[in-house]
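Q: OK, TrEMBL features for this one:
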type	residues	note
TRANSMEM	B:15-35	transmembrane segment
TRANSMEM	B:55-76	transmembrane segment
TRANSMEM	B:88-111	transmembrane segment
TRANSMEM	B:131-153	transmembrane segment
TRANSMEM	B:184-206	transmembrane segment
TRANSMEM	B:218-241	transmembrane segment
TRANSMEM	B:261-283	transmembrane segment
TRANSMEM	B:303-320	transmembrane segment
TRANSMEM	B:327-344	transmembrane segment
TRANSMEM	B:364-384	transmembrane segment
């Protein structure tokens, strides 16, 4: 939870945005995030974001599901309540496979969805600051963080030169807070 | 930037394809004198080896044309950068189709009833009940029609692809008409493919070795096996050409998608393998378990489970990571492994039925397989030289260049 100062540049064309992102990074400015109306191929690489570890998490959830299914079923059929079903062995692996498969899929799917929501800070009543309302419509919004070394005027001029159509400075909460989007609340009076 | 559009066969490539084909011919000859002239058991070992090798490699190269048609129907664009490679592989259907057609017809016309028991049903009620489908006439006609259909429709698809090569770019209307024409012929191929490879042909050629036994999963299983091996073969050729400095427009994004195909269809194959096995294991009815008896509990146990490790566990764990699908060396290794694995799968599908007591996997199997590999190399290499490596006028070509996974 921290209130920070941001310089927000809005672009109206992704062809302008891409070189702008590269220039801004090369010049050493700190990109807070880029908000776009739709997913743009290659933007993550251009921004220098690392690969997500969501799939690694998914793999771990998956093998947790596999282990849960196999241990639970073998415990039930060998230890807790052994039954003779059609003369099959007490550890009938082929019969366990469909359930094991399904629990693997269930664990990894549910786990990945929840992890994804956590990483993106998506949940009911979680609110984040919107830098530009049109970022969900037709504008590509690049947000730079103002650090101690940043010269605001110079940065604004740099963004304008890179092709930004609208540039402004905002002071906002960088993280999330509890709230609702339909009820505008002024959380912080000063910035 | 200029592109190398014209493939020239490297001398080394040509030499290796010749050597492999020579090995194949020598193996067939040696095999004939070792097995072919012997008793019924020896004889069926000889013909069985020819049968599974020729059918396997023909279905693998035919899977390439299936890939072209399926992506055409799906309006797919990513494969256009290496479209000519898939086309070249599918030309190998012509020589391989002729060879396997000759082998299959020899089996039936030569009354090899120790291979195809249904040729002489006698008083066997089950075989007589199936004789409407399993009879020599139907087998001959359907085999010729199947192979002829693949060759004809495949040639048509390749001709359509070639006809826009030497002209200026298509206009929008021409492009639409062109896509429509492609769609029509691709759908015809797919319908024929569905009627043959995905249903009747594996029943006739392979499943009828166990004429009393049947499995409803069998054709899908065969298809999955050859399709994943076919995708691996495409990957191998694409990476080979890239290493030789061709296919400048293909990059790791395309290879990533080919790797995904190898990964996904290995899992699909396992799904069918398991569905076939589990239902029979569960019901435990003698006339169904007869197929698995000598495979799971008999001498083929090792090969049977090796098959599962090579074709399922290895691709699942190795190809799961994104970085491994973008690593050319690892992809080459996995593609070769998958092709060998599914070849082994075909081996146990055919030979385990013909020779239930002894496992024999020796120079003869490997030699014949090498011959077919050489033939595929030779025929694909020749086809690659015949036309530009870049299908530059295809409406989806740009989509393929900017493809991003």
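FYI, residue positions are counted from 1 along the chain as it appears here.
Placed from the backbone N, Cα and C atoms, the Cβ positions cover glycine too.
Nobody curates TrEMBL annotations by hand; they come from automatic prediction.
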Q: For the transmembrane segment (B:131-153), could you work out the same-chain residues 6 or more beyond its ends whose Cβ comes under 8 Å from its Cβ atoms?
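A: That would be 58, 62, 65, 93-94, 97-98, 100-101, 104-105, 108-109, 118-119, 121, 185, 188-189, 192-193, 196, 200-201, 203-205, 208, 211.
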Q: The transmembrane segment (B:218-241) and the transmembrane segment (B:327-344): do they have three or more Cβ pairs under 8 Å, with pairs 6 or more apart in sequence?
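A: Contact criterion met.
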Q: For the transmembrane segment (B:184-206), which recorded stretch in the set B:55-76, B:88-111, B:218-241, B:261-283, B:303-320 gives the largest number of Cβ pairs separated by under 8 Å?
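A: Answer, by Cβ pair count: B:55-76.
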Q: Any chance the transmembrane segment (B:364-384) and the transmembrane segment (B:88-111) have 3 or more Cβ pairs under 8 A, given the pairs are 6 or more apart in sequence?
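A: Touching, yes - the transmembrane segment (B:364-384) and the transmembrane segment (B:88-111) meet the threshold of 3 or more Cβ pairs under 8 Å.
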Q: Counting only residues 6+ away from its ends, which parts of the chain sit with a Cβ under 8 Å from the transmembrane segment (B:88-111)?
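A: Same-chain residues near the transmembrane segment (B:88-111) but 6 or more away: 47, 50-51, 54-55, 57-58, 61-62, 64-65, 68, 119-120, 136, 139-140, 143-144, 147, 150-151, 154-155, 157-158, 205, 230, 233-234, 237, 372, 375-376, 379-384.
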